[in-house]
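Copied from TrEMBL, the annotated features are:
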- A:42-157: domain 'TRNA-binding' (DOMAIN)
- A:408-483: domain 'B5' (DOMAIN)
- A:461, A:467, A:470, A:471: Mg(2+) binding site (BINDING)
- A:735-828: domain 'FDX-ACB' (DOMAIN)
């Protein structure tokens, strides 16, 4: 809402010294957020004066006709001689009163006026157009003022209102009343403690007889309708300068007097009006719901199919306007209309909001109706409009008018007088609540500590005690609320929250950089992953309104996002890149249901909540990582070490290590990994073996599809499952007895997994085993074709004594025997 | 070990002869003096002052002497051993001094050589800033609450007093999830972290003191200041006797912790369906502290010379929200806030462009390390 200050000052006695900035600051703190303060004409300097065109000399030697004028500017030029001015406009005649900027003047936009030679003549100034003066957009020629507007030679800057401060307020959805000069003026009056003069407080005599025939088909659509006619209107009457200027300053384009008047009254009072050409209406004007299949061509020349939820204004011939949104083309005020019927109505806000959205038509009218319009304003607004049409357009306001009043009385709100204080924590003096509620227009009656408050019709937002408290608190000043530190009794982070932080730190310390990818994905990503047609990750939720049509799905895996971030980094010249991400993936449930809208007048029951949650996808938290290039850098110490599948598996193990959980790896074939270099990773949770993810080198096709460097490796784990495998740590007994170390080298078939061998040794070694660690894998002639030698160090220790060489040897033999039994291993000769 | 033998003549036990003892002493002292470094001296010490050295062996013979001879022989050998021991000590000190002065100097290396063999990564600054923000409140006894990112409309809107078709509902450009048949699912990407308020009230015992950091989604195209995916920190307190003063105290604690003690905050009246009264929160610009306002010669880039920086929205929990969450508004009241994590990061660390937070460029994250 753009508010010219001079307009505002007509209805509020602001102190003379109150600046636009000060007003803006007070309004903003009180909830009317001023986004900008425009000082129009601030850079403008005179002399800009009234002049009379004395003589026009037509110059015809140029490409376009040019006029060389003698203009009387009185004594403003210091000589009293007529000023000679070149002018390209042709819309004026000798004797016209015009606006002249003399040499030395500066027009809006830094346009300096000087005496200069042009078209072979000396031009000493400029006859100004509305656009040049910053009044409004008009390229039809110069401004011709009505006779008597001013005296020749007098300063025109002030009377024309060339300088104006305009504040622009971003109005929140609850404050529809602020979409008017009236509403802002009332607010400003409270903020400055000065008088407010309500422009809507006019006495309207009762109708002298029947007005235009009208009907409201359903009170729930519209609870007040006023139709007032102005006849004998001169369609050629111009809109006065002051009105055009104010419309322009308020951001509304001047069109014609009849339309301008409706806009002017809307801006001033907040009541949207529609001006009908009464002669084009037939029969009774009816407010009703649109009929199925009904069509209407609106003012913007769009043929619209109406919805039965739309409110329309219809006459005998059918729908003529989408109520509160936009009028129809057929009944529009035209260049020859002389009988104007002003419609002022109060429509259902929700219906207007829906219609506006349905037709993608946001108009000045719909913006006001959906935020709430004063339900008692219509007669005053229509009367004001026909009054202006009479005053400015030579019309006669008919004394008979239509007024259908179906407005239900307002339900009072009861509130304790001390409620505002208990909300804000400020101890307000007695009477404070009453004072401010009355200032915003409420009717307040007190019964002891209980106030019965009837809010005014322009405040449909005031329905609850807290709404009333807000009015008191904001006028008393939010800045007066003290600051008291709250004290909770929380128990700190949960184990899972601590784990997530620790996992991030561990991966960062292991060389991985965290990324936060968008969760949007598409078919292309799923294909790039080489997922089989029946892969669960292909079952993704779809957005009804994606930002990018290529990515309408929600991710079921973190990997594509990581791959794209990796490719972005390698594309920017980085060869060694390791990234990780922790985040949710969205896995639709097998039986998709619609989430019900539960009631809001009570808390939901457990069954209702279960229905809501059953409609949501599973949203497990995952951690993924991807690595390419050198995992260890080359340097003065020697060569680097390229990252491989093993780094990806190790990254997964790092995550598990932080959780204190051991991962079991097993060869797997699983997209998007290399079929020979993919580990499925398991944990033991509650006695079950639980798959938690995969790690390894990526499939070359995936590498190609995402533009990754060859041999890029990746892992993805379901962090929630890793968390489930956590068990409380039981402190080990730390034995101070010496260790007995035994190395064993076992020969097995080449395809026996080292993991299985290690597991067998650990299982067979018995209770003295402290640790078992792989230290070498050998293949070659000495062990024979298709075989490998795997060497482990076994460490034995007892809690209560020194383990003897014999004991250690026996334990080792038992371990080897178990390995032999499980894997066919033999001790290397 | 020999048994005492009274008939034995000490002079005849060669190692204890005065000349022999003197020779062993001289030999030892010469070897000590000749030791060129600490390693050599160690060998010399073992040879001449150790348990198997000639003087040590001679010392053992004393026990075999008749009592009358023991004293003199002991005195002789003991004196020699003391001299040798003293000489070793002195030579040790001399050689150590020399090592300290020369050898350690010769062993010097170029300590500016890098050893960045294993590269380090970093956590995303949005993650760490969100943790820092949350921890301010954890320190005040709040817990961290969580909720789903794909959320039911009821939680995201209805329970938060967004009426159907109210303009506030369309102000937040919502991603809608398609139903299984392509129709309405009643499910959206949450447009704010506020649905966690309702979840926290439904799942926790009162009183509730929680913050909920998390991802939120709106249909904004990515540009320098917008992103379709962004992060908020929700705060919620519901207890008996709670006022806006506690809300202000919480906001002040946050601003003090993140941007510096003593910064002023201000509330501007505003509107959110789920709070009433509602306010936008500004903090005093931590760079210019308002000095740039009205001083065109000293503009402030951080606050655009406004003097204030908007950091979020807040308000008293609308009693209608409490009712929808099954809490009796006659007994309990509370407040809530939503702070922008991106905004906090932008201001706290001078991030100028949203793209940097989204793209995952390792140069950006690396600058922050794992705990910033």
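For all residues, glycine too, the Cβ spot is worked out from N, Cα and C.
Residue counts for the domain 'FDX-ACB' (A:735-828) under DSSP, split into helix (H, G, I), strand (E, B) and coil, are 30 helix, 32 strand, 32 coil.
Around residue A:471 (Mg(2+) binding site), the C-beta neighbours below 8 angstroms that are at least 6 residues distant in the chain are A:436, A:437, A:440, A:462. Among the listed binding-site residues, namely A:461, A:467, A:470, the Cβ with the most fellow Cβ atoms inside 10 Å is that of A:470. DSSP assigns residue A:470 (Mg(2+) binding site) to a helical segment in the three-state reduction.
The DSSP breakdown of the domain 'B5' (A:408-483) into helical (H, G, I), extended (E, B) and coil residues amounts to 29 helix, 14 strand, 33 coil. Here the domain 'TRNA-binding' (A:42-157) has, by DSSP, the following mix of helix, strand and coil residues: 5 helix, 49 strand, 62 coil.
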